[in-house]
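Copied over from TrEMBL:
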- 20-243: domain 'Radical SAM core' (DOMAIN)
- R29, R79, S110, K171, R272, V273, R274: GTP binding site (BINDING)
- C36, C40, C43: [4Fe-4S] cluster 1 binding site (BINDING)
- Y42, G83, S134, M205: S-adenosyl-L-methionine binding site (BINDING)
- C267, C270, C284: [4Fe-4S] cluster 2 binding site (BINDING)
Amino acid sequence: MPAIPSIAERQEQSPVLRDRFGRDIRYLRISVTDKCDLRCNYCMPKGFRDFTEPAAWLTYPEILRLTRIFAALGTRRVRITGGEPLTRKGLPQLIAGIRAIERVEDISLSTNGTLLAPVAAELQAAGLNRLNVSLDSLDRACWAGITGADKLPHVLAGLEAARAAGLGPVKVNMVLLKGVNEHEIPAVVRYCFEHGYILRLIEEMPMGQTGSVRGMATLETIRQQLVSEFGLIPVTRELGGGPARYWETPDGHNSLGFITPMSQHFCASCNRVRLASDGRLYLCLGQEHSVDLRAPLRDGCSDAELTAIIRQAIELKPEKHEFREQPQQIIRFMSHTGG
Ligand code: SAM
Ligand code: SF4
């Protein structure tokens, strides 16, 4: 087996953040809050209130400083997530600040959509390129049962507003919840095709105690059914740049993605790290390896010192998640790092 190069050797070879497995880190996901106006039962426990105090959140200037450092190290894509990012005040200002960072090419947002309609145009004007909206059901009662709130019409209005604001193509994320929303998948596919949204179906991951209660469900059978029902063909060209594998209608007008962390993972091409709202940098969605960046930020570290801390942190990036092998090991909820 060839010797793994030392951190100094790797840094010499690559000014870009490169991990021990030769993966270049180009994508930073930033959680701006772990708070949320919903309680999706696969993400957070019912009545959960044990959120990080806002004083512990990174401020926008702190987030911008870290993003600038990441951009200098090769980050080209930034996603804002949460919790629900639109519950934090002033998000368009943060987006405008990230937009001003020269090397960042793409800014996206993950949202549950409840607060989206009134701010979609402002987000676009601030420099947001794209967004993903969660939509686990089109049935108002089923949606309320999953999220704990009766706000499906707000989400649908948010989707429309995003499209009208030019934040397209809008992506819709639907988590497969065994025995809860499986039967609705063809209807959601049809709805997204009709509205020009790109639907991505996601296998539920065992995050915290909430993401593991239903047991594992994979998308393989559903994929076969949808391929046959909609005459889908696999997309072979690069699309999306993430873990989704896409299929499309024969006329090429509509595509449908499958994100399968449980049945087939794509860790070998993972290019991302996650900054939690409290300033902790998580190296893998499915592992707890992390490094605190808030203390060095607030202790007056220089950019060069922060750069060195980030480079060291990347050394901890694990080879892969172990959702199948060790489903109980992720104690944090998905809302902490934002998916
Ligand atoms: N609040 C925003 C939203 O719901 O889109 C952003 C944060 S949320 C944690 C990001 C994504 O993670 C959502 O698409 C959500 O459905 C997904 N998610 C949460 N818990 C999950 C789990 N246990 N397995 C798979 N996806 C999950
Ligand atoms: Fe909130 Fe998103 Fe988690 Fe639902 S999935 S509880 S909307 S953070």
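Cβ from N, Cα, C; glycine included.
Within 10 Å of R274 (GTP binding site), judged by CA to CA distance, lie the following binding-site residues from the set C36, C43, S134, C284: C284. A Cβ distance below 6 Å to any atom of ligand 1 is met, among the binding-site residues R29, Y42, S134, by Y42, S134. Of all the binding-site residues in the record (C40, C43, M205), the one with the smallest CA separation from C284 ([4Fe-4S] cluster 2 binding site) is M205.
For the domain 'Radical SAM core' (20-243), the model's pLDDT averages out at 93. Cα-Cα distance from R79 (GTP binding site) to M205 (S-adenosyl-L-methionine binding site): 20 Å (rounded to the nearest whole number). Counting neighbouring Cβ atoms within 10 Å of each of the binding-site residues (C36, M205, C267, C270), the lowest count belongs to C267. In this structure the C-alpha atoms belonging to Y42 (S-adenosyl-L-methionine binding site) and C36 ([4Fe-4S] cluster 1 binding site) are separated by 14 Å.
When the binding-site residues R29, R79, G83, C270, R274 are checked against ligand 2, G83 have a Cβ within less than 6 Å of one of its atoms. Within the set of binding-site residues C40, C267, C270, the entry lying nearest in space to R29 (GTP binding site) is C270 (CA atoms).
According to DSSP, G83 (S-adenosyl-L-methionine binding site) sits in a coil region rather than a helix or strand. Of the candidate binding-site residues, C36, S110, K171, the one lying closest to G83 (S-adenosyl-L-methionine binding site) when CA atoms are compared is C36.
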